[in-house]
Amino acid sequence: MSIRSFVLFVFLVFPHVEGWNFQFSSRRSILKEIIPGTAAITFLGNPQSSIAASKTPVAGKEEIEAIRNDILNMIKSDENKGPTLIRLAWHSSGTYSKMSQDGGSSGGTIRFKSELLHGANAGLAVTAVPWMEKIHKRHPQISYADLYTLGGSVAVEALGGPPIPWRSGRSDSGESSVTPNSRLPAADSGPSGSDKSDGTHLRTIFSRMGFDDRAIVALSGAHALGRCHTSASGYDGPWSPTPTTFNNSYFKLLCDVKWTPREWDGPFQYSNGKGGSLMMLPSDIVLIEDQKFKKWVKVYAKDEKKFRDDFSMYFSQLMELGCNNLVSA
């Protein structure tokens with residue numbers, strides 16, 4: 001056996017023999033010096049150590065354009081899917097913590113059952129996640145993390161919203177990267193109905209991600225789209241009469257409508273009068289009860305362009321929290 005072969009044998013097979021207990025990265029570096037071309041060798045006992053295995057394939061620009069078209073066609077066939085795709089992108093990103101430096105869209109962990117079981121993600125396991133799985137099977141070159149955020153970006157614009165800057169390069173991670181439950185905003189905190197605890201809760205959730213009051217209100221404007229379903233969250237109804245059209249109606253309705261508690265057997269929510277068809281959650285109503293929030297509600301109710309610009313900026317930031325080395329698609 002040659003010296004080179006012997007060294008390779010020892011480094012690969014006996015990584016933990018006393019006196020040879022090098023870290024994998026150290027052994028790779030030494031091997032690279034002794035035997036060129038061994039930098040991507042997978043060491044026995046550590047399936048994660050291959051440089052090649054650690055990279056998630058990144059879809060090229062042509063592939064991303066094809067994926068955009070697939071998402072657009074999905075929404076064109078059923079506009080009601082658009083708001084749910086935005087919710088998927090939002091919830092896959094809104095788990096980020098700037099303190100612990102984990103969570104966020106990078107990793108695409110919302111595809112795992114353990115994260116889908118988080119209360120705020122109710123319903124996504126039977127809607128947006130399987131919808132996007134069909135697209136991923138056609139385009140396996142894209143990571144789930146990129147796919148989910150791209151879906152949100154495309155959906156906002158498809159429903160009449162502003163273009164959302166989006167960049168690719170997120171890598172998927174395993175289920176061990178799923179963050180703890182309760183990192184997403186709750187519809188009601190503390191006593192039933194809107195009170196100061198709801199405002200405190202929103203600021204706690206969003207400040208963990210690095211967002212201020214202005215961002216909280218702007219991102220809440222996504223509630224102009226979609227509706228709640230009793231089969232998922234337990235709440236019922238749309239926030240606006242145009243749930244598939246992006247606009248500033250959410251803020252106008254907050255300011256102009258007298259919202260009263262709905263009398264029904266479900267969880268506490270507000271209605272636009274007895275028998276009204278629209279709803280608001282306690283976490284919505286607190287935006288007009290808290291004066292610091294209300295300031296921005298009024299701004300966006302009066303100036304739709306300002307809302308569109310701010311939403312585009314903050315939603316793009318939200319989807320990039322915790323991500324590194326992203327590239328323009």
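Note: Cβ is positioned from N, Cα and C throughout, glycine not excepted.
Annotation source TrEMBL lists signal peptide at 1-19.
Positions annotated as domain 'Plant heme peroxidase family profile' by TrEMBL: 67-329.
For 164-199, the entry in TrEMBL reads region 'Disordered'.
Here the region 'Disordered' (164-199) has Cβ contacts under 8 Å with residues 55-56, 58-59, 64, 91, 94-95, 97, 102-103, 105-109, 112, 114-115, 118-121, 142-146, 149-150, 152-153, 156-157, 205-206, 208, 233, 235, 261, 267-270, 281-286, 289-290, 293, 312, 315-316, 319-320, 323, 325-329 of the same chain, all six or more residues outside its ends. Shown for the region 'Disordered' (164-199): DSSP residue counts in helix, strand and coil, namely 7 helix, 3 strand, 26 coil.
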